[in-house]
Structure formats: C-alpha cells, structure tokens
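Written below as structure tokens is the structure these notes are about.
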Amino acid sequence: MGDNFLETARNLIKAVVPGATFVCNGDFTNGTHGFTHVWFTQTWNDKKVPGQQFNVNMAPNGTVFSYGHSFDPKMKSASSLQRRSEQDPLEALNGIVKALSLPFDVKNAKAKHEPAPEGNELPMSDSEPEESDHQQGFDFWTFTGIKGETVPRITAQSVYVNKGKKGLVPAWEFETRFGSHYYLTHIEADTNTQILDSRDLVSDFSDFATFNVYNPSGGSRIVVENPWDVDASPWTWFGDARAPSFTTAGNNVIAHSHENRGPREEKEEKLFKSYSPESVKHDFNYHYDATIRKPQKYRDVSITQAFYTENKCHDLYYLLGFDEEAGNFQNTNNGKSRAGDGIVLDVQRTDLISNARSRIYPWPVQQCTNGEMIPVSSRLTGGKTTIDCFYDIESLGISEGWSDFMPIAIGVKPGDTRHKNVFMGVWLEDSPKGSREYPYSVDTSKNPLLFESLEEFDSRDDRYLIGSLWGTVLFEAMWNLIDKYGVTDNDKPKFRPSTEIPTDGKYLAMKLAIDAMRKRVFQSPCNPRMLQVRDAIIDADFELTGGENVCELWRAFSKRGLGVGAKHVPGPSKPSSSDWNGLQSFQETNGYTLTIIENE
C-alpha cells in the first residue's frame, strides 16, 4: 500500500475521532478491482485497547469508499489514567493460573521480552512520540520454566481494556495454548487478581463419518483423484514448499486422531506425532460400514473425510476471496502474507467431542463445514491479526448465521427450489427438526424470525436464534440471486471474464458474504450489528458488480424487517444481552445511494 493511501486513512481518522491515537494492524489491495483496505486499533498511553477498531476502504483513485469504527472518542478524557511503566508479567501469569485454575506450576517461570510481531506497528497520531517511548508497549512476553502435565505456549501483552462507563482498565492480555485449548484472557494489571474476561477460542465441531469420501455438498461416497485447486493450493494438499507429506497433513490442514489419549499425551510437542493414516502413494481409500457403531473402528475413514472436507472448504473460500491477504489459515503463504497458522483437526475426540484448532467429534459433513466458518468469520471481520471479533450476543449470533449459511449454500443443487426447507444438525440431534428452532425457509409460517425478534433474545444461548435470523436473511438473498442467475452442480465457482463475479447465484451469494466480512465495511469492525452487516453486503455488491443486485438484496432484507428504515434502538439492560432491540422496517429501495468522502 502506498504512503498516500495510508495518509488518507490517517487523515480520515483524525477528522472522525480527533485526538485519537492508533496503530495500523495491516492492509491489502485487491488486485482485480483495486480497492485498498486498511484497519487500525485504538491505543491509549501507547498501549492497545482490544476491540476498538477503525477500518478504511479506499477506491482505486485514492478516495474513501467507506469506513467504520468502534473507536471511543471520549477515551482521551480519562485523565485519571496516567502513563504507566511496564510491570512484571510474571505476577499477572500467577494471577491467571490461580483465577482460572490452570494445571500449571509457574513458581519457577521466567518471562522473556520479545519484539513486536507483524500487525503490531508503531502508533499513529497528530504528534507521534519517539519510538523509544512506545515500542515496548507493542512487544510481547513469552514464558519458560512452566511445569505441568501439559506444556503450554503462553504470550502476554500490556493493554488497556475499555469497560464503558467504568473507563479504561490497565490489563494484561494473555494467549494461553495447551492441549486442545486456546484461551484469550484479560486480567486487571494493578492487582493481577481480577479476570476481566476469558474465552476459549477453540471451536468444537463434535463425530462424523481416496480419498473415498462424501462430497461436502452431500451425496454418496465416491473415490476422487487430485481434488485440489492449484490456484488455492499450489502445493496440493500434501506438504508445502519445503517437502511433501504422505499422511493427512498439509499446508492448509493437519488432520489426526487423539481419541483416548491420556494427559501426558496431550503435550504440545506431541501434536504432530498423533495418529494419522499414511500412504506413500497418497491412496486414502478406506472401507466404511455404516452398521459399525464405534467411531474408533472407522478412524481412518473419519480422518480422511475431515481432511478432505476442510481442504475443499479452504479451496472454495480461497477462490471466493478468503486468500492470504485476507488471512487464510495456511502454514506457508508463498511470501504473500503472514503464515504459520494452518488448521489443526482433532478427529473423534472422546473427551468433549469441535477451532482454527478444531475438534471434530463423531459428526456429519454439514456440521464440519459449519464449524470451520466460525474462526473464518472472526478473522475476516476483524482482520488477519485479530484473534477474536465477536463478543456480545448479537455479534456472536451473526457469526453463527454466517456459519450456518455457508454449508447450506454449498449443499444447494440444480433441482432444488426456493421452497425447499433446510434443517441443520438432523444427524447430530437424531431428530428431523435438527439443532435449530426453525428450519431455513423462505416461508414465514415455517420460519417466523424477524428483525424485531431481537427483543426476545437475552441469554447467551440465544445467539443460535440470532444466528438463525441472520442465516435466514442470507438464505432469502441467496434464493433471490439464484432466481436471477441460476445454480449449477459445479463444486467451485466460475467467474465472468476478467472479473471476480461468480456466474452462479449461490456462489455469488457466498462471495458477497465473504466480501462483506473481508471488506470490514461495518460501522464497527468488531462486534458488528445486524444492520451494519446488511450495509456491508450492499457495499460489497457495489464494489464487486457496480450494484447490479441491489433490488434482490433489499428485497431479502426488507422481508425479514431489515428494510431501509430499520434501526437499532436501546433495549433493556441485561447482563448478557447486547442492550439493543430491532425497530424493523419492510421498506425496499429502488436504487443505491453511495456517499464518497473525498480525500482531504
């Protein structure tokens, strides 16, 4: 990205949030249509404030196409917070181990100061301090000398956490990886005893049944040869640029089995020594007998299926825009972006039985494609250096909706019609109703969810209902696009000449979904609201097609109450709620109104 684009983005932030300080997390320019996207994190006293983000999307001519942010304009008024010196992270480490009852002995632990990794550049403001004043604030700490049944990998960074009316709280941000867990924890730094928040970022998909496999879109088992797309997986699915692999481990995915392993076998250094089927001829053709009830008896089948399905999803999402610059999960990125984060699949876990570390419990293919979208949507929404981007009920629900919609779209066949109802998790729940309250349906008598339904959701478990609402909106939009462009049985999209526009309606819907996440055109890049994501899709279509599908999209939105006049309005304050209700509107629009903010 050129200096002019970065300067444009900086000037915009100065105008929108005067006095704010911030750090550039990264950028990328789409090579086909030339749009450039930059995103930033707000800082205070040269420390990051997690979750406070600003994204700027610029047209090829250097003007601002759109932007969104969750910066706090009043942060500078927190005068009681003075610049603090770097404190000892070992006290904070002891605090989280005690508070979370982690199985580690840290009495002999030592902390090592590490330089800032990619995505932690220097702060920007009207008057930048000298590098020596702030560089250490963006560096990380690592730890050695920790003992336990499981050897963890732990990093810490000094930050501020914005607690709203309570103001900024000095904190440590810990990433703790051990076994099949990946905790992101913020602990208050003054006493190192109070946990501000903690989440396990591992996505649990749970059991499912050479490549002799089921197609992710459904059907009977078939034998496939060389199923990878060379544009998405230039080193195939086996190995990477350094060396080939003869097992279910490659640049995109490592699939193995960890069932019945004891605590000592969960050590991180044994991650790549777990069981995987091997073949020097890459012949992964295993017999499957549906009458066998014990998953361990068809372990090779399950691992192969997981490896195939995850790689097929990788290649498809890559072709639709989730590439290296957008933060795709790959060990080697051929010099295009940060690497070292391929997806690891623990198949047939018997302890919890689904992240990108993913645990696959004995489940069907639909659930696996659903589970993969959870880390994908978080990375696309917040940018490739963002670990977690969905915090409250509504944004968690939006993530669930993306994750339901993608496998549903993959499964659409040429003979299907918009009147076909789709049930999620039928196999998993052993029920024709599946795992959702309502089927995915364009029939409001079968699925009555509307934007005003947000008023009814106040429990953290209600994120699945919010997900069903958002997934239904996407389902409606997809069928409007299929009615316009048709649908094929191709397992990957075809594009209009010299464009990234899929010719198939379902792939166009998926492309717009990924672009809407990738472009980060939400008003709030992290913790997005439903109307912000709606607008992101409209903007994504304008950027991709020039707004060819504005009527089809607004028809879908308005049908479910997200029309032109819909608003978020304050709702009842509940501990786990998003504190916002939906004031719905069924109004459509006959055109697209775009506001360009000129380069200042």
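Just so you know, glycine gets a Cβ as well, placed from its N, Cα and C.
TrEMBL entries are annotated by machine, without manual review.
Checked against TrEMBL, the range among 109-135, 244-270 recorded as region 'Disordered' is 109-135. A 10 Å cutoff on Cβ-Cβ distances gives GLU400 (Zn(2+) binding site) a total of 25 other Cβ atoms nearby, all chains included.
Per DSSP, the domain 'FTP' (34-71) is made up of 0 helix, 27 strand, 11 coil.
For the domain 'FTP' (34-71), the model's pLDDT averages out at 84.
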